[in-house]
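Report on the following structure.
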Amino acid sequence: MSAAVLAVREARRGVHRRQRVLLVALGALVVGLFLVRALLGDYRISFVDGIRMVTGTTIPGASFIFMESTLPRACMAVLAGAAFASAGAAYQSMLRNPLASPDVLGITLGASAAAVFAVVLLGWTGTPVALVAFAGAVGVAATIHGFAGRGGAATGRMILVGVGLAAVLSSVVHWVLLRADVYRAQDALVWLTGSLGSVSWSEITRLAVVVAVALPLLVVVTRQLGVLGLGDDLAAGLGVRAGRMRLVVTALVVLLAASATAVCGPIAFVGFLSGPIARRLSRGRTSVPAAALVGAAMVLAADHVSAYAVPGTAYPVGVVTGLAGAPVLVWLLVAGRRSLQEAS
Amino acid sequence: MSTLVAERLTLAYDKRVVVDGLDLVVPTGRVTAVVGPNGCGKSTLLRGLSRLLPPTEGQVLLDGEVIGSLPTKEVARRLGLLPQQPTVPEGITVAELVERGRHPHHGLFRQWSHDDEVVVAAALEMTELVELARVPVDSLSGGQRQRAWIAMALAQRTPVLLLDEPTSFLDIAHQIDVLELVRDLNAREGTTVVMVLHDLAMAARYADHLVAMCGGEIVAEGAPSEIVTPRVIESVFGIAASVVTDPTTGDPVVIPHRRKRDPS
């Protein structure tokens, strides 16, 4: 076998080995944090008891806390984190811009604005709110996509339109809140901050189905984003229809981001930061699975902190991700600059 | 052997017609260079030939079939394209870039195979990039980077290859490297090459067939020795020039004259 073939094989192996190690490590981290979140609260539950309760045994005292609070919250944290993060990473990678996550571009805000409008002004609850939130996100994404049009500057236009829409929608949210009575406004605010406080098993099942369908599809489709990253012309030359691919990715991103937002509100920074963190950990390669695991770990950890950091007070999880997100962003910027200097 | 033919091809951006009713039969298994002044429609013609820009009138036939009616991945296995100044994705290595050339040969779930390895390795060898396989593309010099792009196009293994100004921004030595590589490829694999070139002298030296364009139309077409004449240069570029014969190769060599200044 020639030296060149061996060089190609070695280059591929190096990248893939690193990627596998990273996924295993992140997977272990998520499992660990999941167990911590589900079992180690104010009321500690042994692993064996946890298994017994999941399989149907009732343990007085423990069962209620575990089955109705900590376990569903841990499940929701994993699902929502993975949904926001994979959507964010895929969109950032597609638009080749770290600003282009669904929360910055107003897609999650579209869901929020519609939901807040329905809850506060129309007094809706439950499934209709989820559907309206979904419609809001679809509306924003369709507008962004519509402005992309044809031609080279498509991604730049999409980002500009998205940022503009986000500003408009955030003023809509504020307007609605100003018109609301105090109690409803407070409920809406908790939701807007992002909270896992009141999730039900039916909501978890719904989001689990969405994630189980959309996430694997997104992983397969985003593998081709590597080719789209070469520019639309070259991608077309390699047999990729850039426009159609953007449409498919956008549809999956909206499905994931809007479904998660509908249940637990827009949890700050998860969609925006998971992709860049995963990229950093895998040396500049976009990996949707890695980003999904980073997102899940982030929300699990943040939810645990939000529940137990200050004794007697529970904050919405979004407060913690929001507070923790800013330093992480700074770290990414500093670390990114350092690696640039090393390369040059 | 693939054939590429344009029939009454009209290409336009919005309403602005750039290429107007052009007929061209690309010589199979030869190297064709398209020359002409800036804005004459050379690059647009290449976009039309590679189905990136659908014609407003007329058609492009690849192996006798209308190119726009073929599945795009099928076309990508027969016709490769290297646009001018493609985007380099952040952080990827030369090997990863070249591997992307295998994309048209993969299905949605088809795994990377030993054949792919062999093809990518051959492309790296031909472009002398084996040692740089694990180096990030964005840290390469201009000449190396252009070779990396060509390696990617080679990995696509298409019988037809379209290159849009493959030598722009390269110094003369690197221009020659790239053009020698194109000749090599043509000699070894019989690849049909169509390239847009700025430099008439280089085109005359490295192409078997010249297509001179002006104002969206073909002004002259044929072997370099027939096309490179003072009269054609005058009508295409609007400059006066002498043409002499290279004593070593017999190729035509263009010597542009200085423009006479108006005595105003």
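Glycine is no exception: its Cβ is also placed from the backbone N, Cα and C atoms.
According to TrEMBL, the protein carries these features:
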- A:21-40: transmembrane segment (TRANSMEM)
- A:71-92: transmembrane segment (TRANSMEM)
- A:104-124: transmembrane segment (TRANSMEM)
- A:130-147: transmembrane segment (TRANSMEM)
- A:159-177: transmembrane segment (TRANSMEM)
- A:183-201: transmembrane segment (TRANSMEM)
- A:208-227: transmembrane segment (TRANSMEM)
- A:247-274: transmembrane segment (TRANSMEM)
- A:286-302: transmembrane segment (TRANSMEM)
- A:314-334: transmembrane segment (TRANSMEM)
_Interface present between the transmembrane segment (A:104-124) and the transmembrane segment (A:247-274) (three or more C-beta pairs under 8 A)_ = yes
*asked:* Short question: most Cβ pairs under 8 Å with the transmembrane segment (A:159-177), which of A:71-92, A:104-124, A:130-147, A:314-334?
replied: A:104-124
*Given the transmembrane segment (A:130-147), which of the listed stretches A:21-40, A:71-92, A:104-124, A:286-302 has the most Cβ pairs that are under 8 Å apart from it?*
A:104-124
*Please work out which recorded stretch in A:21-40, A:71-92, A:104-124, A:183-201 has the most C-beta pairs separated by under 8 angstroms from the transmembrane segment (A:314-334)?*
A:183-201
*Hey, which bits of the same chain come close to the transmembrane segment (A:21-40), Cβ under 8 Å, at least six residues off its ends?*
46-47, 50, 66, 70-71, 73-74, 77-78, 281-282, 287, 289-290, 293-294, 296-297, 300-301, 303-304
*Excluding the flanking five residues on each side, which residues at least 6 beyond the ends of the transmembrane segment (A:104-124) place their CB within less than 8 Å of a CB in that stretch?*
84, 91, 130, 132-141, 144, 158-159, 162-163, 165-170, 172-173, 176-177, 179-180, 184-185, 187-188, 191-192, 253-254, 257-258, 261-262, 265-266, 271-272
